[in-house]
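Now, the feature entries from Swiss-Prot:
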| type | residues | note |
| --- | --- | --- |
| BINDING | 10, 11, 12, 13, 14, 15, 16, 17, 18, 19, 20 | ATP binding site |
| BINDING | 193, 201, 204, 207 | Zn(2+) binding site |
């Protein structure tokens, strides 16, 4: 795919960094760009990690400001005074966790598509996952497929949205990183914690999923 270009929606977290590295290996570093969104998230470490990783991997990164979202929606990821539901993983079936940002992935895909078309890019890659999605409706395959159709119709352009992690568990995502030879890089350089704690708080839903998946992956490696 060396003659094709790809745009990765990139946050600096485990999933999007795994997708970025996979895209580099698939399309070639010179054909991959990253797009990151400043949407009013409650901590800066996520953006700092994304910038550092993009530079370290030698990938062009564009940062777009969507902080106006603070004016129209309320959630724990954007409100420093809100408590993050640590039991969100277990309670997701009974309601959407308070860390869900209404419209976030829809906006990310929309702005990514606008940017991609201007760059002559058709392939858009997102690290969303339906298997360990913490109850977020915009991480489901049906949503992404719907957005793909909508964007193609809206811009009369043949976008192809790829979600390589969609049906993988966190353990399988770690295993994918291991297969690409970057497990330690992902483990040491990416940021996942909802609370913005470097190294993780080990309490928020994101940290729990990450650590649980890593433990399962490492246990599987030992068993082989």
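Please read every residue number as a count from 1 along the shown chain.
For all residues, glycine too, the Cβ spot is worked out from N, Cα and C.
A simple Cβ count within 10 Å picks out one of the binding-site residues 20, 193, 201, 204, 207 as the most packed, and that one is 20. Rounded to the nearest whole angstrom, the C-alpha distance between residue 204 (Zn(2+) binding site) and residue 14 (ATP binding site) is 15. Within 8 Å of the Cβ centroid of the ATP site, not counting the listed residues 10, 11, 12, 13, 14, 15, 16, 17, 18, 19, 20, the chain contributes 8, 50, 53, 127, 190. Between the CA atoms of residue 10 (ATP binding site) and residue 201 (Zn(2+) binding site) there is a gap of 22 Å. The Zn(2+) site is set by 193, 201, 204, 207; from the centre of their CB atoms, other residues of the chain with a CB within 8 Å are 192, 194, 195, 197, 200, 202, 203, 205, 206, 208.
When the binding-site residues 14, 16, 18 are compared by Cα distance to residue 207 (Zn(2+) binding site), the shortest distance belongs to 14.
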